[in-house]
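According to TrEMBL, the active site, nucleophile annotation covers 228. Annotation source TrEMBL lists UDP-N-acetyl-alpha-D-galactosamine binding site at 46, 47, 48, 51, 136, 137, 138. Annotation comment: TrEMBL describes 136, 138 as Mn(2+) binding site.
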Ligand code: UD2
């Protein structure tokens, strides 16, 4: 067993879902469970407008760390299909490009991801993948992200909020929005930049967030953090069956804290004014 006990972190939620931290699982044992199942993992990543510049490092590092030894299919959504870099991949891994329109508002690009993920699952993935992870492109893998992360509905605790109190969480606080979470309610603050689960789990999530987002928009409401706010509301009502620690989405600008024994995936430092269409 490669597991050591950890006393410095909480490894289970109050609804008895695991919270995955380095040192709380045995990856060899977990691979022995999942490898024989011959599963396929889909990964979606959006690279619209200037965000195409992040795609190469994302893919190169994913090829070193993301579900190594498993069948992986990347779906790259972009308005610049001709600029998708060529990255060498193992035989059991491939990349599909999906063309999407560009947009003048970063909020719309970020928010439309739910609709496109829902459609992808309905039109392409059923019977072709078992699990799906939806990841921000402006990030790199630095350590293994594997089958320990699998579950029906998987959320990642946002690195900016895991140590703080609930009152500091940037949930949508206006009750007119369908992303509303009242003061004193909510569990964790989860990232919009990484989430996943079974096809069914993510389809229901994407479908619900999309409709709530669009119903808000029809009334002129945009939640504080767009789809991240809707995702947080969804995860509060439909508890994730597995929660990933901030090892699974850190931010390069944040100093490393003692609990963090490994960084698996981390957002690069970026200058918003330089890369977003409107800022
Ligand atoms: C946070 C979330 C992000 C999203 C956003 C709210 C994390 C680490 N990030 O990040 O997931 O919930 O808040 O809107 O949890 N994109 C493009 N082109 C653009 C703009 C965005 O392709 O012009 C895509 C790209 O895949 C990017 C993602 O949308 O990674 C999120 O946008 P962001 O990185 O600008 O959002 P950010 O860092 O504020």
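Just so you know, glycine gets a Cβ as well, placed from its N, Cα and C.
TrEMBL annotations: computationally assigned, not manually curated.
TrEMBL feature annotations superimposed on the structure.
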{"residue": "46", "record": "UDP-N-acetyl-alpha-D-galactosamine binding site", "contacts (Cβ under 8 Å, 6+ apart)": "76, 77, 78, 100, 109, 113, 116, 136, 137"}
{"residue": "47", "record": "UDP-N-acetyl-alpha-D-galactosamine binding site", "contacts (Cβ under 8 Å, 6+ apart)": "54, 55, 76, 77, 78, 80, 84, 137"}
{"residue": "48", "record": "UDP-N-acetyl-alpha-D-galactosamine binding site", "contacts (Cβ under 8 Å, 6+ apart)": "77, 78, 79, 100, 102, 103, 109"}
{"residue": "51", "record": "UDP-N-acetyl-alpha-D-galactosamine binding site", "contacts (Cβ under 8 Å, 6+ apart)": "137, 138, 275"}
{"residue": "228", "record": "active site, nucleophile", "contacts (Cβ under 8 Å, 6+ apart)": "190, 191, 192, 193"}
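For residue 136 (UDP-N-acetyl-alpha-D-galactosamine binding site), the Cβ neighbour count at a 10 Å cut-off comes to 20, with all displayed protein chains included. Looking only at the binding-site residues 137, 138, the densest Cβ neighbourhood within 10 Å occurs at 137. Under the DSSP three-state reduction, residue 228 (active site, nucleophile) is assigned to helix. Report note: the UDP-N-acetyl-alpha-D-galactosamine site is defined by 46, 47, 48, 51, 136, 137, 138, and the residues of the same chain whose CB lies within 8 Å of the CB centroid of those residues, excluding them, are 45, 52, 54, 55.
Secondary structure at residue 51 (UDP-N-acetyl-alpha-D-galactosamine binding site), taken from DSSP and collapsed to helix, strand or coil, is helix.
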